[in-house]
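Taken from Swiss-Prot, the feature active site, proton acceptor covers 362, and the record attributes it to sequence analysis. The UDP-N-acetyl-alpha-D-glucosamine binding site annotation in Swiss-Prot covers 11-14, 25, 75, 80-81, 102-104, 138, 153, 168, 226, 332, 350, 365, 376, and the record cites sequence analysis as its basis. Residues or ranges marked as Mg(2+) binding site in Swiss-Prot (evidence: sequence analysis): 104, 226. Per Swiss-Prot, acetyl-CoA binding site is recorded for 379, 385, 386, 404, 422, 439, and the stated evidence type is sequence analysis. The region 'Pyrophosphorylase' feature in Swiss-Prot is assigned to 1-228. The region 'Linker' annotation in Swiss-Prot covers 229-249 and rests on sequence analysis. Under the heading region 'N-acetyltransferase', Swiss-Prot lists 250-456.
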């Protein structure tokens with residue numbers, strides 16, 4: 001096996017007590033993706049021989065949530081980071097190198113890890129930082145020549161050592177040929193009664209192996225999450241970076257600080273996104289698309305020159321070109337809109353194909369339907385697609401005019417150029433060019449006197 005073989009171990013067994021959550025800490029999300037999933041994806045970009053994830057608390061939840069190709073190893077007792085890596089030993093190559101990462105350090109990037117791996121060579125690589133406040137973190141101990149000799153955890157540090165500002169991020173590169181012996185020789189004789197992975201630095205020095213420190217270029221890249229405040233801080237950093245990338249690519253963000261991207265956005269030119277918009281999953285926006293304030297767009301494709309008015313929610317749908325959607329519109333999964341469609345306020349469309357030029361401007365539900373072109377839905381139109389057990393399909397032709405406050409009871413078919421009178425309940429098929437009325441005749445009662453309250 002070549003000496004440059006890379007194994008990756010991701011430690012994700014911690015409970016996360018300070019998160020005050022029933023969810024395992026590593027499943028809390030940054031940018032809509034669980035932290036541990038982000039770390040796995042970053043590790044995978046390095047093309048390692050394998051990725052080994054050490055889990056413990058909430059193991060079942062983690063395995064059910066994160067669908068990634070990895071070796072999953074359970075740490076039944078949380079006895080420290082050294083013990084966690086030892087748990088993964090049977091899955092690591094006897095030669096090459098092992099990169100140790102953490103499931104709660106979500107913003108570590110490929111560039112930083114490649115720099116660390118290059119610096120480490122076949123020796124030990126150590127990622128360090130000099131944060132504004134090093135409290136609670138392990139300190140880097142150097143000798144008179146500046147070489148790293150040890151890492152001391154804060155609980156075990158002397159008063160002098162606590163004045164050191166350079167800290168250990170926990171991310172290490174270790175030679176596999178030495179790793180097993182080093183791990184087996186670890187002691188838990190320390191303030192926390194745990195097996196510290198950081199003690200391997202002193203063992204490397206004792207064996208004459210050079211420790212190559214690399215300082216991270218930005219503290220947030222190696223920052224861990226221990227509570228909701230830190231989670232929110234990293235989320236905002238992540239979102240700021242996402243917004244800056246979109247701005248560089250030509251997207252207009254009315255306020256970059258009030259925009260969230262929780263997935264991937266593919267976009268054309270001259271796209272404009274107003275404030276408080278959330279993009280989730282896989283979203284594609286064509287040229288000249290405008291997204292109004294307070295919209296949520298999830299797993300959707302929106303064609304060129306379409307405008308999404310404020311407070312609209314689009315999920316799992318496809319919108320053609322030159323559409324006008326909203327305000328307060330909802331497009332649900334499998335809504336498929338052709339070009340030049342208008343969907344107005346308080347209109348909901350689900351699992352329906354809408355033809356070119358069709359309009360539903362207000363207060364309408366269209367579900368499980370196939371609608372032709374240039375059809376108009378009057379206000380208050382409802383497609384009653386559910387009989388309490390099964391969903392049924394409605395077919396509506398071209399240039400149909402549906403009067404206000406109509407109910408179309410599925411399964412039902414309306415031919416081309418059909419007109420329905422306002423207030424009709426349509427339960428039977430209607431042929432082309434027909435007018436259908438299905439409502440009670442109006443009755444006017446002569447001489448009727450409205451009751452009045454007794455004023456006494």
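We count from 1, first residue shown onward.
Note that Cβ sites are derived from N, Cα and C of the backbone, with glycine treated the same way.
All features noted in Swiss-Prot, drawn onto the structure.
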| residue | record | DSSP class |
| --- | --- | --- |
| 11 | UDP-N-acetyl-alpha-D-glucosamine binding site | strand |
| 80 | UDP-N-acetyl-alpha-D-glucosamine binding site | coil |
| 103 | UDP-N-acetyl-alpha-D-glucosamine binding site | coil |
| 226 | Mg(2+) binding site | coil |
| 332 | UDP-N-acetyl-alpha-D-glucosamine binding site | coil |
| 362 | active site, proton acceptor | strand |
| 404 | acetyl-CoA binding site | coil |
| 422 | acetyl-CoA binding site | coil |
| 439 | acetyl-CoA binding site | coil |
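Taking the Cα atom of each, the residue listed as 'active site, proton acceptor' and residue 332 (UDP-N-acetyl-alpha-D-glucosamine binding site) are about 16 angstrom apart.
Taking the Cα of residue 439 (acetyl-CoA binding site) as the reference point, the closest of the binding-site residues 11, 80, 332 is 332. Taking the C-alpha atom of residue 226 (Mg(2+) binding site) as reference, the shortest distance to any of the binding-site residues 11, 153, 332, 404 belongs to 11. Under 8 Å from some Cβ of the region 'Linker' (229-249) lie the Cβ atoms of residues 19, 28, 30-31, 106-107, 220, 223, 256-257, 259-261, 265, 267, all in the same chain and six or more residues away from its ends. Comparing the Cα of residue 103 (UDP-N-acetyl-alpha-D-glucosamine binding site) with the Cα of every entry in 379, 385, 404, 422, these being the binding-site residues, the smallest distance points to 385. Our reading of the acetyl-CoA binding annotation (379, 385, 386, 404, 422, 439) yields a largest Cα to Cα distance of 22 angstrom.
Comparing Cα positions, residue 14 (UDP-N-acetyl-alpha-D-glucosamine binding site) lies closest to 386 out of the binding-site residues 379, 386, 422. Residue 376 (UDP-N-acetyl-alpha-D-glucosamine binding site) sits 10 Å from residue 404 (acetyl-CoA binding site), taking the Cα positions as reference.
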